[in-house]
Amino acid sequence: MISLSDLRKFKAEGRKFSCLTCYDASMAKAMELAEIDTILIGDSLGMAIQGRDSTLPVTVEDMAYHTAAVRRGNAHALIMTDLPFMSYATVEDGLKSAKAVMQVGAQMVKIEGGAWLSDLIQVLTRNGIPVCVHLGLTPQSVHVFGGYKLQARTREAANQLIADCQAVVDAGAAVLLLECVPAQLGKEIAELFPNTPVIGIGAGHETDGQVLVVQDMLGLTFGKVARFVRNFMKEQAGETAIVDAIKAYHAAVQDQSFPAKEHTFQVEL
Ligand code: KIV
């Protein structure tokens, strides 16, 4: 099983690592077979699984349920779980929420923010809970940003983000995750913190690892997708491969070509 030390080793060796979001055991098994290095049980499950329009309604119970399912399906990847909106507003709440997901299989928790998380990061780390800090575009603060937009567009804002990274690393953050920031800043931060693996999503190709929401890269997000998404399903099997398979099933049921003899139990009664 991949550990935090492996991520540090990958960084030292310049070996880039992969991360995908995952919410269930069968997809987790597919990721084990594909040797994905890291899995994020993201609170993006609010949109991808629950059909909501933001991550805000997701609860700690939801995160623990999906973390347990993913852990049962995958014995290879390092598993990191998001602490959802308002579940770490105080240090006590953060400890309680982190305990709930660590006890069902997470190896690390991810929290969104900056320097103001320092006390919580110290307490979690002291209690044996590695922390990934998500900076840049942090979806739990979508209403503060006024939408999902590129962050740190100026030198001044980039320097502020670097200062936040420094503060959380000083407090003990084990991993940084940067979302939707200029590629140059992704590279700078990965270089500035030689002992801290940096994962990017919309942060350029020079971070140490990359993450995507699995539905996005499989073409299962219908409607507008972010510029940083690449649809790998489209390249491998055709843009509508999954919908086409479901359509074919529907048609086969209607014309009775499914189930065929080999799918049925032929017993003389
Ligand atoms: O919840 C999530 O899926 C995330 C990724 C977008 C990084 O935080």
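Note that Cβ sites are derived from N, Cα and C of the backbone, with glycine treated the same way.
Sequence annotations record features per position, and here TrEMBL assigns active site, proton acceptor to E179. Non-local neighbourhood of E179 (active site, proton acceptor): H134, L135, G136, L137, T138, P139, Q151, G200, I201, G202, A203, each in the same chain, at least six residues away, with C-beta under 8 Å from its C-beta. In the three-state DSSP scheme, E179 (active site, proton acceptor) falls into the strand class.
Feature annotation from TrEMBL assigns Mg(2+) binding site to D43, D82, E112. Of all Cβ atoms in the shown protein chains, 32 besides its own fall within 10 Å of the Cβ of D82 (Mg(2+) binding site).
Annotation comment: TrEMBL describes D43, S44, D82, K110 as 3-methyl-2-oxobutanoate binding site. Taking a C-beta cut-off of under 8 angstroms and a sequence separation of 6 or more, K110 (3-methyl-2-oxobutanoate binding site) has the following same-chain neighbours: L40, G42, M80, T81, D82, L83, V131, C132, V133, H134, L177.
What surrounds the 3-methyl-2-oxobutanoate site, by Cβ distance within 8 Å of the Cβ centroid and not counting D43, S44, D82, K110, is the set T21, L40, I41, G42, L45, T55, V58, M63, T81, L83, P84, H134, P139 from the same chain. Long-range C-beta contacts of E112 (Mg(2+) binding site), restricted to its own chain and to partners at least six residues apart, with a cutoff below 8 Å, comprise V133, H134, L135, T138, P139, Q140, S141. The number of other Cβ atoms within 10 Å of the Cβ belonging to D43 (Mg(2+) binding site), over all protein chains shown, comes to 28. Contact annotation for binding-site residues (D43, S44, E112) versus ligand 1: D43, S44, each with CB under 6 Å from a ligand atom.
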